[in-house]
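So that you can see what the record holds, here are the features copied from Swiss-Prot:
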- D83: active site (ACT_SITE)
- E176: active site, proton acceptor (ACT_SITE)
- H81, D142, D199: Zn(2+) 1 binding site (BINDING)
- D142, E177, H381: Zn(2+) 2 binding site (BINDING)
Amino acid sequence: MTYPNLLDHFLTYVKVNTRSDEHSTTTPSTQSQVDFATNVLIPEMKRVGLQNVYYLPNGFAIGTLPANDPSLTRKIGFISHMDTADFNAEGVNPQVIENYDGGVIELGNSGFKLDPADFKSLEKYPGQTLITTDGTTLLGADDKSGIAEIMTAIEYLTAHPEIKHCEIRVGFGPDEEIGVGANKFDAEDFDVDFAYTVDGGPLGELQYETFSAAGAELHFQGRNVHPGTAKGQMVNALQLAIDFHNQLPENDRPELTEGYQGFYHLMDVTGSVEETRASYIIRDFEKDAFEARKASMQSIADKMNEELGSDRVTLNLTDQYYNMKEVIEKDMTPITIAKAVMEDLGITPIIEPIRGGTDGSKISFMGIPTPNIFAGGENMHGRFEYVSLQTMERAVDTIIGIVAYKG
């Protein structure tokens, strides 16, 4: 189905810079997200028909569309995030390419281009309307496509009371891209049986497995002396960091793994001979494998300290989120419904693990099972990001189908 306001909603949202800041100590991490929620989303939520609309100190804008059929007793939530990734988001100037011809798309005057030779996903979209960047910013389809789709679904249901639906709760939240947005989510206030994050990629994505995730911060303490007299005295902290890294499995890196394979990812190294710090992220799907990865890092640190004769390697491990499959597989109702709705719409569900996490990873462990459904974005987090308007329309169809489902 086509929705005349969907594109306008989306273009309005992406033009607002809501980039999050991992170094901030506030919630939300940037004032622009507060302004976007209170000045753009809250008025829009009221206009499209949501009731009891409010903004919480945790950064979430919340609203409700009451059920219009007493036989539909479920309460279902839909959640998308306001922030965008760590890439230029100031001055987003979207290009709307109607009836895409399958060829190269010039991204404004930037000199960058979307070429099917480089981005095979473009081969799916001839004849469709694509929204791209102008090459100077990201687009923000992650996750403003989700916000636009939820808003459009509510708008359509309000205008078409003949479509019977259950109670719907909507939540637009902050800071998903920096991994802290759902930390303060109020599950008791949201009060639904289950929810969906509308934060996936291409048409048909339906996901209920995520990584389990941890961060590892390492400190290597060296001893700096003049290199001319260093023998037997110098301890090079940079070399300690190299030695530690070389003891990790060389093939367990993001660029060499796929599917259900986990990894260690060296994110950052800074330092000198005297003192060096390294940051890793650890990812795996199975709980035992996840715990084994953390234990392996600790074992390497302990072994190095034993060989060095002092505690020169300090490891601090912090769990970040867990595989939501552990919660959702206890009651697959949200998956069963979404899968049935997609199939009824002629959409082939793509049920694959997320090699990452969503707000749903944390919200599921707060008592609200929250799988993820497609929002349409491709090449997210950079200048080559784009989205198909037709895929966004199908996401709206899916949301409407879920809340009207009577099975």
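These residue numbers are counts, starting from 1, taken along the chain as shown.
Just so you know, glycine gets a Cβ as well, placed from its N, Cα and C.
Recorded features from Swiss-Prot, shown on the structure.
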residue: H81; record: Zn(2+) 1 binding site; DSSP class: strand
residue: D142; record: Zn(2+) 1 binding site; DSSP class: helix
residue: E176; record: active site, proton acceptor; DSSP class: coil
residue: D199; record: Zn(2+) 1 binding site; DSSP class: strand
residue: H381; record: Zn(2+) 2 binding site; DSSP class: coil
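For the Zn(2+) 2 site, the Cβ centre of D142, E177, H381 serves as reference, and the other residues of the chain with Cβ at most 8 Å from it are T84, A85, F87, L138, D143, M380. The number of other Cβ atoms within 10 Å of the Cβ belonging to D199 (Zn(2+) 1 binding site), over all protein chains shown, comes to 26. Around the Cβ of H81 (Zn(2+) 1 binding site), the same chain contributes D143, G146, F172, G173, P174, D175, E176, E177, G181, D199, D359, each under 8 angstroms and 6 or more positions distant in sequence.
Between the alpha carbons (Cα) of H381 (Zn(2+) 2 binding site) and the residue listed as 'active site' lies a span of roughly 11 Å.
Same-chain residues that are not part of H81, D142, D199 yet have a Cβ within 8 Å of the Cβ center of the Zn(2+) 1 site turn out to be S80, D143, G146, E176, E177, T197, V198, T358, D359, A375. All protein chains shown were included, and the count of other CB atoms within 10 Å of the CB of D142 (Zn(2+) 1 binding site) stands at 27. The number of other Cβ atoms within 10 Å of the Cβ belonging to E177 (Zn(2+) 2 binding site), over all protein chains shown, comes to 24. The two recorded residues, D83 (active site) and D142 (Zn(2+) 1 binding site), show a Cα separation of 8 Å.
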